[in-house]
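To start, the structure under review is shown below, and the notes come after it.
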Amino acid sequence: MEGNRTWDPDTWGSSGEQSAPQKARRGQSLASVLNELPSAATLRYRGPGMPPWGTLQEEDEDGERSIQAFVEPSQMELPDPRPSRELPWPMQARRAHRKSQAREQVAYGPGLRAAHWARLLPRSKEKMKEGLRTLQPWAWTLKRIGGQFGGGTESYFSLLRFLLLLNVLASVVQACMTLLPTWLEGAPPGPPGPDTSLPCGSYSPHTQGLVSFPTQLFNLLSGEGYLEWSPLFYGFYPPRKYLAVTYLCSVFAVGLICLLLILHRSVLGLKQTLLAESGALTSYSHQVFSAWDFGLRGDKHVRLRQRIILYELQVELEEAAVRRQAAARTLGQQARVWLVRALLNLLVLALLGAAFYGVYWATGYTVELQEMPLVQQTPLLKLGVNYLPSIFISAVNFVLPFVFKWIAPLEGYTRTVFLRLASLLVLLFSLWNQITCGGDAQAEDCKTCGYNYKELPCWETRMGQEMYKLLIFDLLSGLALTLLIQFPRKIICGFCPGMLGRVAGTQEFQVPDEVLGLIYAQTVVWVGSFFSPLLPLLNTVKFLLLFYLKKVTLFSTCSPASRTFRASTVNFFFPLVLLLGLAISAVPVLYSIFQIPPSKVCGPFRGKSSIWAQIPESIDSLPQTAQNFLFFLGTQAFAVPLLLISSILMAYTVALAHSYGRLISELKRQIKAEAQNKVFLAQRAVAMSSASGAL
């Protein structure tokens, strides 16, 4: 029966006569439908010989399509230099392209082969980059963490791995530019004796007589005794000309390497953040239709990818809910929110002021406590007094973030950044106050030598010891927190399902606090690397232990965080804070190099008016041609052309960015037109199906 007849796709290309109902069911041709699209001018390159949409050859009178256009490449098109398998073309076009390349290789010979090798070079570079990425340590561990705990937690371990790389590079530079020159020029001399005839006092770092085990342990934790005169600290290195230059250059080399690598990581994070904020890669359709990797093999990888997509969808939903909540606020509600925030900020400023005064008091009062007879006779009490600034800073950094979160959860992390870095600045300011007599060069203790030589005969080593104690105490406090609080809390929560288990609660891995702890620890190392050259090596060991400790803690005691974080935002924000830490660490180091006179009884710069004075003296010993070249670099004849070239390059970069922006906007418009095309085609298909059903 005619009414039971169904639509057969083969009738679109079958030969022979067709009945009137069949011709009616065919409706309009494909070319006419495509010409009615909203973007009628849309052209899609489909390979050599493939005509654009709307110009396909229709069926002949016998109903057969001509496939000649799919096979013969157009002579008007330039050959694509890429291999055939990489081209998004039909199989017929790829075969034709492969045959054309073979004929051209025979015809042109060596010239084409050279071009072929030139094309292979970028591909080799890409493969080399992929090989280096496969050699990255803990790659599979980071994937597991990202799948189970989200991209924010994965970003913490990725940052920890990055900081570990920075410390390894810094350790290599310090070993090559500081340790090797020290022993290549001969064995360094021993510690100075107690010579009271020197105008700037005496310096005797070694303890006289038999040393007990508690004292040895105290020296290990405080950096005094046998560690004070060792390659760990500044005072050990002898006053040799070439060693002084390499010692100073190593500091600038480490700073430059860290700056370039952090900037490179920040740029990569900025790209991901811009893509995330643009909405191009964060829409639900992208997560649902384009996020799956069809090359996965194995149940473990499949489940891991499923959890990653689930976490990304959760981030999208939470951010959408926050945006809806903010948009629904009235003007009165917004004013009330700002009033509450202003009052809370006043309270937070009061707490920060009290914390900073406490750090300043603890640092200044330590010197007075160390001179008490009771403290000198009790090793444990002496150790506690020496660690008083470190203990106070760690206590402030541990307690106040919880107070900030309780006061204002939405803004606690910015205050935590300020608290950690500012507490370190307060400690450095108090040490500067002791070294320079409060900046008064005419004071009685600083008038003779330019620094407080009575209390601090080797002030550079004292600075290194303070940073060393901060590093050791940070490691010990992290171990104590894990072993004495987190693991027992997990045991209580697991074995006590009643009220006690609910009070203990499940632990969450707090990504912002943990990352800021890493940045604080790295800033301490950057400050102390000039005064303690082996501090990056110690920090490498510390971060290596910390990685495995945090990994075990994460998988055994923590649950996924209730508050999610977008990985792209985290990867951009935290490198910026790391740059801030690097800038803060550069201030005391540069001030010490250019302003404070070096110690007269220790270090490679003893006897100089300033640490930087060694560089002009070394330049004066160079040949005249080298001196002229170096002095030319500091003249206007070099600075003005450099500024002009930089301005031209900047203008070119801005113009290139604008052109890329216009191109991206045009591509977005084309994508929008393609979406309209798909909707139009779907509507026409429904209409044609309805019409064929009616017939």
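Each residue, glycine too, has its Cβ placed from N, Cα and C.
Those TrEMBL annotations? Automatic predictions, nothing curated.
Database features, via TrEMBL:
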REGION    1-64  region 'Disordered'
COMPBIAS  12-21  compositional bias 'Polar residues'
TRANSMEM  162-184  transmembrane segment
TRANSMEM  242-263  transmembrane segment
TRANSMEM  338-363  transmembrane segment
TRANSMEM  383-404  transmembrane segment
TRANSMEM  416-435  transmembrane segment
DOMAIN    458-568  domain 'TMC'
TRANSMEM  524-549  transmembrane segment
TRANSMEM  570-594  transmembrane segment
TRANSMEM  638-660  transmembrane segment
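Of the two recorded stretches, the transmembrane segment (242-263) does not lie close to the transmembrane segment (383-404), with fewer than three CB pairs under 8 Å once pairs fewer than 6 apart in sequence are set aside. Residue counts for the domain 'TMC' (458-568) under DSSP (helix as H, G, I; strand as E, B; rest coil) come to 86 helix, 4 strand, 21 coil.
Tallying C-beta pairs under 8 angstroms between the transmembrane segment (570-594) and each of 338-363, 383-404, 416-435 places 416-435 first.
Across all of the domain 'TMC' (458-568), the predicted model scores a mean pLDDT of 83. Relative to the transmembrane segment (416-435), the listed stretch 338-363 leads the set 162-184, 338-363, 383-404 in CB pairs under 8 A. Within the chain, the transmembrane segment (338-363) has long-range Cβ neighbours (under 8 A, six or more residues past its boundaries) at 388-389, 391-393, 396, 400, 403-404, 407-408, 411, 415, 418-419, 422-423, 426-427, 429-431, 434. Same-chain residues lying 6 or more positions outside the transmembrane segment (162-184) and placing a CB less than 8 Å from one of its CB atoms are 231, 237-238, 240, 242-243, 246-247, 249-250, 253-254, 257-258, 261, 265, 518, 522, 525, 529, 533-534, 536-537, 539-540, 543-544, 547.
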